[in-house]
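Enquirer: First the structure, which I've put down as structure tokens, then a few questions once you've had a look.
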Amino acid sequence: MSEYKDTLNLPETGFPMRGNLANREPEMLERWYKEDLYGEIRKAKKGKKSFVLHDGPPYANGDIHIGHALNKILKDIIIKSKTLSGFDAPYIPGWDCHGLPIELMVEKKVGKPGQKVTAAEFREKCREYAAGQVEGQKESFKRLGIMGEWDKPYRTMDFATEANIIRALGKIASNGHLLKGFKPVHWCTDCGSALAEAEVEYKDKVSPSIDVRFKTADEAALLSKFELTEGHEGKGDVSIVIWTTTPWTLPANRAVCLRDDLEYVLIQVEGDNPERIIVAAELAKDVMDRAGIEHFHNLGFAKGADLELSQFQHPFYDFTVPAILGDHVTTDSGTGVVHTAPGHGQEDFAVGQKYNLEVANPVGSNGVYLPDTELFAGQHVFKANDAVVETLKEKGALLHHHAYEHSYPHCWRHKTPIIFRATPQWFVSMDQAGLRAKALESIKGVQWMPEWGQSRIEGMIEGRPEWCISRQRTWGVPIALFVHKETAELHPNTLELIEKVAKLVEEKGIQAWWDVDAAELLGDEAEQYEKVLDTLDVWFDSGVTHFSVVDAREEYNGNSADLYLEGSDQHRGWFQSSLISSIAMKGVAPYKQVLTHGFVVDGHGRKMSKSIGNVVAPKDVTNKLGADILRLWVASTDYTGEVAVSDEILKRSADAYRRIRNTARFFLANLNGFNPATDIVPAEEMVALDRWAVGRALAAQEEIIKAYDEYNIHAVTQRLMQFCSIEMGSFYLDVIKDRQYTAKQGGHAQRSCQTALYYIVEALVRWMAPIMSFTADEIWNEMPGEREKFVFTGEWFDGLFGLAEGEELNNEFWTEIQKVRGAVNKLLEAARAEKTIGGALQAELTLFADDALAAKINKLEDELRFVLLTSAAAVKPLSEKSDAAQATDIEGLFVEVKATEAEKCDRCWHHTPDVGTIAGHEKICGRCVSNVDGKGEVRKFA
């Protein structure tokens, strides 16, 4: 063998078998940034059709977690695939930089504003802290191979962005959507601030469930509503009974609410302490059972509408409250009579407005009753529940009391229960200028992926209250408005004033609002107006980035966003705040498509939790396995549902990666010595099997591009794996090894094969590039021929071709041959197991086939043996089937396997009768002699 070694085409490449990604990726990253890869992409795509994926900003606090990695990698895959499809697809990453979590971190370091530091100094410390957090997260994202404007990201605290956020507020106000109101809002007593809908999460909580008597203030008038017969009016006090799980709100009670069409029953409670109570007829038995009342009977009935404006005594204060009517009253639970505190509930507030009820709020921002709150002053509301229940007992107003577990709103930061609390706030009104209706209409024009996203956001927009955009915080964009001291009206020149403030903020940041003297902007009117000192909800900051970033950044060339891509929780967060603000400002949705991914869970479907110990940190994965493994994990998952990750799942991704890498390595190693400029074989002159392989690549490419276009990333990975492992690895690459290694160096048989390998790897490297970016770059640099510096600046390979129309050895033919090969392989395996043969090249095959199949197989002529990887293979009619022939799982095909008696060729290891018959080459076969000393063997089919 050694004397012929130099005549073989041995594979050789600088592309190593092991990726060693954790060590080599940082070196590649260094080169990408040194050679300005992102800038090169931008230059290459300048003037092409635009694609804008607008980045939803993560919060600038803490290390990135696996959910961040999933989100950013998905975005990067889509951007890179769009770039390869010929789009100009800039990516400007962003960060949300204002708000409470940053304030809390800074408070730990410097104390609260106004204590050890001034508010201005505190804001500066917040800015510094957020900037440091952005830098840390930025490096983590870059390590994942994500390309973007990392030197010029957007941060909601950039002066220009802060100024544009203020301009957005002005635009919303001028379009008639801004509203000031004293309304109940979600309030966290730990934050000391209002919360947005998206900052509220629901968890189970145990509360006191109480049924409370409100005695009638006019017994005769009330009883007359029930049309009782004389002498059957019953006896004892008359009360209407409410049910509540928030006893602490009873000091703010200003009404009891019924439903107009419900039937209410007057019940006589019998026994030593007779009384009469009113509840909804439907719920009467439940109420009696709950209260343990066994002896009672009905006295009469009345509709809710008949009881409207009846007066009842507050259970522990010296005033009366009316019975009012509301649609929100149900018979799902309770008594059918709803305790109404307009200062502590949105439905209560809405119905209270109709009846002009007082919006009482006896609770301070810290959750403690105000000093003038009778009976309960100075108590925290949740601790006061017991005190309220005790007071009700003392007053004889408590009918029943038990502990009740129910879903209750909690603060997403503190994980503590929140309250509804009426405070003066600024709102984006959903209805005063038709914003809700316009938003619902615009949703229909957006493509929601998955489709259920549409009904989800529609339901949320239909049911959502006014958007409370004001916060009583220090670190935030100011609500830069002037209101009249007496009328509370906005200044008539609000839009002009906002532009003046925005220009100041562009120059000096948000501190300019607190520093500027009102007289500088208002002149003589300054005495009549006061500055609003509230800050904007951070969801407003991020929600208006369609204006403050997309419309403002020159990289987008005035194009609006094509795609928003975030986790499915953003239907109630960023998707919604963006939609509402965009409709309020421009009358159109801010996006054309909205794509969501699920949350990351562990291998058992559990949430990531430090206490469980199942947290997978992106940094740990990149340090151990490399970013391409993490990227392949993302691309292998149906991200529309929950996305599972664990060491075992990542190991599977690493195994899949190795298979793809080994396929690429085979291609590169066998392109050794190939120069595309001089060695390409024209398609019509290529060996039939090589043409077929290029055709399979074309079919795969069409499916892969379609899947990328539809954001169906896991379908890309599945098709890529199928192509590498099945179509190439299990068949084509297996068959061509013999020809590639043993054919005449530089001869037609070898160059035809190399031409196919070259075309296929040109396509393959591009399919891989959006997903396994580091590995694709590595492959690109090992490929033969002149090429651009980076795979990412090009487009999909357009040099592939399919088999010609009407070609005899078409796709159907090769599919049939693969089936035959599969059937034969089973028998060869059995022969090996029985020690009839050592390896397949020690076998001689006779295939007994029916006429149709024999005609097909015979098209390969003497090259059938190369497809079957045996030293000899003959085809005979089925009628001549020998006794030794074995059935296969193909109808009409029997195969006889026997050990060859021919000598083994030292060079190609085939056993052929002509080994030793050629003078000067006694150890090799005639085919090898031709490949070493002659013109080279001729291959037409395989």
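Cβ coordinates come from backbone N, Cα and C, glycine included.
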Enquirer: If I go by Swiss-Prot, the feature motif ''HIGH' region' sits on one of 58-68, 146-156, 289-299, 399-409. Which?
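Expert: So the range that Swiss-Prot calls motif ''HIGH' region' is 58-68.
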Enquirer: Pick from 452-456, 607-611, 747-751: which range has motif ''KMSKS' region' per Swiss-Prot?
Expert: 607-611
Enquirer: Within the same chain, where does the motif ''KMSKS' region' (607-611) have neighbours whose Cβ lies under 8 angstroms from its own Cβ atoms, ignoring anything closer than 6 residues to its ends? I mean 6 or more beyond.
Expert: 65-67, 599-601
Enquirer: Quick check on the motif ''HIGH' region' (58-68): DSSP residue counts for helix, strand, coil, in that order please.
Expert: 3 helix, 1 strand, 7 coil
Enquirer: Can you tell me the mean pLDDT for the motif ''HIGH' region' (58-68)?
Expert: 93
Enquirer: Please report the distance from the Cα of Cys905 (Zn(2+) binding site) to the Cα of Glu566 (L-isoleucyl-5'-AMP binding site), rounded to the nearest angstrom.
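Expert: Approximately 62 Å lies between the Cα of Cys905 (Zn(2+) binding site) and that of Glu566 (L-isoleucyl-5'-AMP binding site).
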Enquirer: Which ones in the same chain are close to Cys925 (Zn(2+) binding site), with CB under 8 Å and 6+ residues apart in sequence?
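Expert: Same-chain residues close to Cys925 (Zn(2+) binding site) (Cβ under 8 Å, separated by 6 or more) are Cys905, Arg907, Cys908, His910, Thr912, Asp914, Val915.
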Enquirer: With DSSP assignments reduced to helix, strand and coil, which class does Glu566 (L-isoleucyl-5'-AMP binding site) get?
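Expert: Where Glu566 (L-isoleucyl-5'-AMP binding site) sits, the three-state DSSP reduction gives strand.
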Enquirer: Excluding near sequence neighbours, so keeping only residues 6 or more apart in the same chain, what lies with its CB under 8 A of Glu566 (L-isoleucyl-5'-AMP binding site)?
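Expert: In sequence order, Gly56, Asn71, Gly573, Trp574, Phe575, Thr596, His597 meet the Cβ cut-off.
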Enquirer: For Lys610 (ATP binding site), write down the residues of its own chain that are at least 6 apart in sequence and whose Cβ falls under 8 Å from its Cβ; none is a fine answer.
Expert: none
Enquirer: Give me the DSSP three-state residue breakdown of the motif ''KMSKS' region' (607-611), ordered helix, strand, coil.
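Expert: Counting residues by DSSP class gives 0 helix, 1 strand, 4 coil.
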Enquirer: So if I measure Cβ to Cβ from Cys928 (Zn(2+) binding site) and keep only same-chain residues at least 6 apart in sequence, which ones fall under 8 Å?
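Expert: Sequence-distant Cβ neighbours: Tyr4, Thr742, Cys905, Arg907, Cys908, His921.
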Enquirer: Let me spell it out: for each of the binding-site residues (Cys905, Cys908), count the other Cβ atoms within 10 Å of that residue's Cβ, using every protein chain shown. Which one has the most?
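Expert: Of Cys905, Cys908, the one with the most crowded Cβ is Cys905.
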